[in-house]
Amino acid sequence: MATTARSASALEELNLTATKPRSLWGDAWRRLRRNKAAMLGITVVLLYVLVALAAPWLAPKNPVAQTSNNSLRPPIWVTDNPNRQPNPEHLLGTDTNGRDILSRLIFATRVSLIVGVVPQLIIVVIGVGVGLVAGFRGGWVDNLLMRLTEIVASFPDLLFIITLTVAFRETLFGKAFNGLLLIFTALAVVGWTSLARLVRGQVLSLKEKEFVEAARALGIPTSRILVRHILPNTLAPIIVAVSFSIPSLILAEAILTFLGVGMRPSVDPANPLPTSLGQMMTDGFNNLSSGPWMLLFPVLMLSTLVISFTFLGDGLRDALDPRDAGR
Amino acid sequence: MTAYILRRILWQIPVLVIVGLLTFGIAKMTPGGPFDTDPTRRQMSPQVEAVLRDRFGMDLPFWRQFTRYMFLDVVTDPKTGEQGIRWGAIGGNFGPTYSSRGARTVQQELFGDRGGKPSRFYYSARLGVQALLFAVLLGIPMGVLAALKQNTWIDYLVLLTSTFFVSLSTLIVGFLLVLIFASWLKWFTVLPNWNDPIRPWILPTIALGSTSLGFITRLTRSSVLEVKRQDYVRTAQAKGLNDQVVVWRHMLKNAVLPVITILGPLSAALITGTLYTEIIFQVPGMGSLLIEAIGKRDYSMIMAGALVFVFFLGLANLMVDIAYGVVDPRISYK
């Protein structure tokens, strides 16, 4: 009798552990943690965030401070050119104006990270809003919104962004925050279409599901159904889309700046955002023969950041949608 | 099918008109005109500017400027006094460029040859086609190879390279190629010699095709992996067909279908990619011309560039759809 009781309680215990609630997000986090590339990506991204936040304390020099007779010094390990000897004070060398490359790199990560985040927030608001309304309302609203999406999407995005930035570059708006405000706006105005399509597709299939029908039968208002029942179910694909879109925004800033319609460099020593990686690459490209390190280091910085985001995005996709894992 | 294609072509017209309207509107809103670029330089005399403004119809109301640019304009021949119709952009007439003060038309700049040298369009088109071929011809075999050798070092190497290409974009790949092969190894000159038929094309083709190459490789790999598990492949293997026949005849035919669908979006990336690829490698194509035009606020050139880019994008998407219907008989367009 005693043995049966004990085994019953053991069974109960087993049962308890077996039914321990496992949420979608807990599962996803567990899968993500097992993914080495994704964890490496997260680590590097967090490292960049730290560097960006602590830039004034990390940077050995002021990023815009120029010293005379100190231009185009190579990195300290490059000693093969007798005419251009490295200066031990500048680990990664100096640019054409004698400014410290390492300090500029550290400050430039700030702009790259901000460009990845701020327009992304606007994109999520527009894209999710349009997608939810179009998918849920259907009919002429859907038709109108999707035609609008199609038109915006059919315009080659980069060309659209360039046109916008060129048009407003000389206005007060275009000069705000060294031109960053204009870049944010242009990137967001053009970038929301794929997210809107994604969310609309999700909503179209979700609104036929029984739980939405049940909610509607209970008389729950539409706005509440959208926010409480449909939106949470579209969250996983949105997160994946966002994690892939951040690196493309970071690259877009570099491309725009390279084409001469992006960020403006600042010479104000107190400016918290004096330069961007795109700006540094442009300077480097224009001085390729005299100082290739000016191009090399920002390219390496940007590549590392972008690849880390991609690893993270791949990991998130595999973790949140295990059906596709391993593809 | 025919009705579908026709409808797709017709849908292109409002898209082009709206794109034209957008660029035109934005260009007109821009503070500063094309004739007052730099305040420190010598300014144009008011009389000359008045003549130019008249020639470009810049004092007409907005909608008149737009329609005469986009569609048509009724012009009176100054000698005979006869009235005739001059077609606008829809007839392939993009008007005179602002930067040449009306001496040359946009279509001459884009498509005309320049003193024996090939046209701007030739350089961009050739670069785009080469990049696409490079991506397809290398990407599909690499994807198939990775899938057949799944979870070996070959697979991992292919996956890693293609992930790099996909995430780095043409700009960074271009910079890396310049740094490694031109600046460091000195295999190529930074200033290209375009009389050479092959050499100056190599790096820009690789850079422009790299993103597409990565996408195509990854997609081919995943779709071969899916096809590999299908019953008909097992049947083919079970009846004793040799591996080559199974791979090339049974698997690949189905595996390339998704690849065709992304050729549309990829051609969009290729077309905009020419903008900075041409600047990095100093290709005298349409992209670098357009960037120059943006700097000079040459409205007619900017608009024409946008319209030509959008037109080719629509064309590429249409061709992809048709190709898809031809390759996959299960698909019917309504």
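Numbering starts at 1 and runs along the chain as displayed.
Glycine residues also receive a Cβ, built from the backbone N, Cα and C atoms like all the rest.
TrEMBL annotations: computationally assigned, not manually curated.
Residues annotated as transmembrane segment in TrEMBL: B:9-27 (among others).
Taken from TrEMBL, the feature domain 'ABC transmembrane type-1' covers B:121-320.
Tertiary proximity for the transmembrane segment (B:127-148) is limited to same-chain residues at least six positions away from its ends with a CB under 8 Å from its CB atoms, namely 154-155, 158-159, 162, 201, 204-206, 208-210, 212-225, 228, 247, 251-252, 255-256, 259, 263, 266-267, 270-271, 273-274, 277-278, 283, 285. For B:127-148 (among others), the entry in TrEMBL reads transmembrane segment.
The annotation transmembrane segment is assigned in TrEMBL to B:157-181 (among others).
Feature annotation from TrEMBL assigns transmembrane segment to B:201-220 (among others).
Below 8 angstroms of C-beta separation, residues 123-124, 127-128, 131-132, 135-136, 139-140, 144, 170-171, 174-175, 178, 192, 200, 203-204, 207-209, 211-212, 215-216, 219-220, 223-224, 226-227, 287-288, 290-291, 309, 312-313, 316-317, 320-321, 323-324, 327-328 of the same chain, each at least six residues beyond the ends of the transmembrane segment (B:255-281), sit close to that stretch. Positions annotated as transmembrane segment by TrEMBL: B:255-281 (among others).
For B:301-327 (among others), the entry in TrEMBL reads transmembrane segment. Long-range Cβ contacts of the transmembrane segment (B:301-327) within its own chain (Cβ-Cβ under 8 Å, at least 6 residues beyond either end) map to 1, 4-5, 8-9, 12, 15-16, 19-20, 23-24, 27, 69, 89, 94, 97-99, 106-107, 109-110, 256-257, 260-261, 263-264, 267-268, 271-272, 286, 289-290, 293-294, 333.
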